[in-house]
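Presented below is the structure to which this report refers.
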Amino acid sequence: ETYNYATFAPPASSNNTLALEPAFAKIAEESGGSIEFKLFAGGQLLGGREMLGGLRDGIADAGFVAPSYFISELPNAAMLSDMMPFGGDPVAVAGAMLETMFFDCPSCMADYTDNNLVYLGGQVPTPYRMLCSSELDGSADSLKGLRMRSGGTAMSRTAEALGGIAVSMPAGDMYEAMERGQLDCIVGPTAWLKQYSLAEVVKTVIEEPLGVLAGLGLVTFNRQSWHDLGEEGQQMVLRQMPFIVAQSTVTGFIGDDERAKETAIADHGVNFVQGEESMKAALQAANDAARDIILAEAAERGVEDAQAIMDAYVANLEKWRAISEEQIKGDAAVLEQVLWDEIYSKVDL
Amino acid sequence: MRINLGVGGLAIVAMLVHIIIDVTARHLFNIAVQGTLEIVSFYYMVGLVYLAIPLVQARDDHIFVELFTVNTSPKRQDVMDAVIRVFSAALLLLFAWVTVQEALHQTSIGAVVEAGTDTVPVWPTRWLIPLSMVSTAILCLWQSAYLFRHAGERRESQGEEHTYG
Amino acid sequence: MDNVLIGCLGLGAILVLLALRVPIAITLISVSLAGIYSIVGERAAIGSLKTIPYEFVAHWSLSAIPMFLLMGAVAFNAGIVSSIYKAARLWLAGLPGGLAIASNFACAGFAAASGSSVATSSAMGRIAVPEMLKFKYDKGLATGVVAAAGTLGSLIPPSILMVLYGTFAEASISKLMIAGIIPGILTAGIYAVMIAARCKINPELAPPVDFKPSWNERFASLRDVWPMPLLILGVIGGLYSGIVTATEAGALGAFLSIVIAAGYRRLTWDVMLQSIKDTLYGTGVIFFVSIGAVLLSRFIALSGIPFAMIDFAEHFGVQGYGIVLFCGVVFLILGMFLDPIGLLLIALPVFLPMIEASGFDLIWFGILVIKFVEIGLITPPVGLSVYTIKGVVGNTVPLGTIFKGILWFLACELLVVVLLVVFPKISLFLPGLMQ
Ligand code: NA
Ligand code: NA
């Protein structure tokens, strides 16, 4: 049986090449070829906004759902994306988000069920940072009045809290907008310096993490397709999930960031500066203020116990910060093992 | 069709004015008008495209290839066109039926999208697709009936822009 | 049945339905639905109508198309561009096909202001084609030149397709953009030579000026030529000075055309109403076909044709320039049916890894890919640039005539492709200066 997997990430992106493709190959081997996956990348089969409907109706069997596109369909699960500013360490966020989704937020899982989907988890991208076209010193003042493309409500609020002007713009327009001065900064992971050629137009990267995006459903199944896999097939897929999450998060995103930083400095002379105390203070104030906004907006979307979801996520984040620092220490293999022991071995879908 | 023309025309003008205001505000006052991108995409674009499709059908201007049937008799051409319109109407009604279900679903969840620091409701424009497809289908059936009844007649008065009854 | 076979049968069915006078949009939508149904099943086929047609249309960057249509319609209906065509006719009296050549370069100029080929054709179709027809230019030539030169919109920066290619290949976007300039000018130049030669040999294509214009007449004609240059330079200026993005350039163009028409005292309610109507009709024609083309690209993806191409290349050990040739053939065939973005999404994942493994320059290959996509825009049966022109000229020119008029431009495109492959410097000279 062949299962179609759809993603809007470009074919060469690391979550495809480092995580999904090897995992699919392993599943094919273990199942003796009875379970094969075909990967449709770059929106070839379904684009980001088409993903939820497309998977729901079985155009693809599995795919990459980004909940922030579907805040009305996934009101509870989208809270994890809203809580972006709370996280700084992708590894900790990965553990905390999976634990929250699978064990502490039945309404989040029900969101997926209601849409005929099964959520299996996914990668956590690296922190969004401030990538700017001018020389900046990392102080709070230097950011005032700058036009920032932030992509998404959470980071737009952060941009405004830092005194910037939040600009909506498709990712494809970012490069030229920076080049011609319509934008001063882009809020995004360092890896974008390479992926969108931004190193050519960026002068300063302020390294202070602004937030880590949680809740992505890199592997989300159509419910019928999930049943078609059978008990054994489902176990094979679940067995690969820790590998997929660990590889795409650590080797993929964190590795991409490091490589992009290296070439940006060497080839384009991009400055990497630390955020000054004034910026950190402004950010802290913004994040404190964000809590009430997130709760209010979730309530408006019809989330019944937003506070409980937030509390669970914050507590899990605390727990996983310790696990990340003491146990995992940036090692993908260790993360994989911990994710299996703590989460995927206990998941019952 | 008047309504389509009116509302579609408004969508065009509104899109123009909205983008120009956004650009002006950005340059003169350093303000970003929130939601421009989403309103242009989910309202003006959807509105104007789906209102325009039946308009084009009313004028019978949807593109087809006449190259292989230039030597077919006018009467036979008209009969072919009439049959094709019935087929088109069936397809479009299926399209409408499917998108009504989706529009109902989107309405029931009150679908919104993120726009800057806020959200914009987008469920209303989902209804434009079934509306567009139903009216295009009705036009097709109307034209088909006309063609069946008057097969071969209208090409005798060549050059005149044909209307359907 | 094998999915690849279903895919091929689908493409064949398209040809049959089109020959039977079924409208193109209806053909594409019905074949795609039937295809998805037979590969995946009923729910997916119906589901594809639920999400894809809505999300495809609700797209910011596509808003440039109606805006550029409006710009062209206002400029045409207000009559502010006919004077430059009169002047060009007098000044270019000695040049066979002068107005077609002028339109060709005007398209190239507009390509510097718009990010997409369809938007460029939208802007220029209404402006240039009726003027050429007024002076009894051959219908195929008048429409063909705008449809073909309009595709330069993707090759001459800015370019939505190049940004997409750049993010897929992780290649420098600025190098790609700069690399497109010389090939773009070269294409326009070769078109110009071809037009002049054809019109020299067959003066009926472009009836020459039957009197010798005096210098007085010539200079008198210059009085009112300013609207069109102002329009083109205004939009390019707005783009490169950072006032508008490539998408907003459409709205700027529409706005400028209204301001210029008003300044020229040609802006009446009738002009505005007619222009809005023209825009609606043009938009309806282009987007209905595009919705069909987008659905088709999903059906083709599902059919596994892209994977079959990889298997084919591996099985026959296609290597080196063989990959480039193979790539060209595949783009030519799929480009007959698919829209530009669908074509890129289907073909790039197949070819980029092969090209990278063979050590070809990714910027050079990017320019070739853009060229291939441009060719797809003007090949029958599904040529969106041709349909755009058809959408603005309406009943006055049959579709077959436009496609016939395109043939010569297609031949020029093939020549340009050969030149780009044989002399990589054409693409790589300017980006090379950047280091
Ligand atoms: Na361009
Ligand atoms: Na084509």
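Including glycine, each Cβ sits where the backbone N, Cα and C put it.
Summarising the annotation, TrEMBL assigns domain 'TRAP C4-dicarboxylate transport system permease DctM subunit' to C:11-426.
Annotation comment: TrEMBL describes C:12-40 (among others) as transmembrane segment. Remote same-chain partners of the transmembrane segment (C:12-40), defined as residues 6 or more beyond its termini with a Cβ less than 8 Å from a stretch Cβ, comprise 1, 3, 6, 48-49, 288-289, 291-293, 295-296, 298-299, 302-303, 337, 381-382, 387.
Tertiary neighbourhood of the transmembrane segment (C:60-85): same-chain residues 99, 102, 114-116, 118-120, 122-127, 130-132, 134-135, 160, 221, 223-225, 227-229, 231, 246-251, 253-254, 256-258, 260-261, 264, 266-267, 270-272, 274-276, 278-279, 282-283, 286-287, 392, selected by CB-CB distance under 8 Å and a gap of 6+ residues from either end. According to TrEMBL, the feature transmembrane segment maps to C:60-85 (among others).
Residues or ranges marked as transmembrane segment by TrEMBL: C:97-119 (among others).
The transmembrane segment annotation in TrEMBL covers C:140-164 (among others).
Residues annotated as transmembrane segment in TrEMBL: C:176-197 (among others).
Summarising the annotation, TrEMBL assigns transmembrane segment to C:279-301 (among others). Long-range contacts of the transmembrane segment (C:279-301) within its own chain (CB-CB distance under 8 A, at least 6 residues past either end) are made by residues 7, 10, 14, 24-29, 31-33, 35-36, 39, 48-49, 52-53, 56-57, 65-66, 69-70, 73, 118, 122, 125-126, 334, 337-339, 341-343, 345-346, 382, 384, 387-388, 390-392, 394.
Outside the transmembrane segment (C:321-350) by six or more residues, the chain places 11, 14, 116-117, 154, 161, 164-165, 168-169, 290, 293-294, 296-298, 300-301, 305-306, 309-310, 313, 358, 360, 365, 368-369, 372-373, 375-377, 379-382, 384, 417, 421 with a CB less than 8 A from a CB of the stretch. The transmembrane segment annotation in TrEMBL covers C:321-350 (among others).
As annotated by TrEMBL, transmembrane segment applies to C:406-430 (among others).
Within the chain, the transmembrane segment (C:406-430) has long-range Cβ neighbours (under 8 A, six or more residues past its boundaries) at 140, 144-145, 147-149, 178-183, 186-187, 190-191, 194, 198, 321, 324, 328, 361, 363-364, 367-368, 371-372, 374-375, 378-379, 383, 386. When pLDDT values are averaged over the domain 'TRAP C4-dicarboxylate transport system permease DctM subunit' (C:11-426), the model yields 92.
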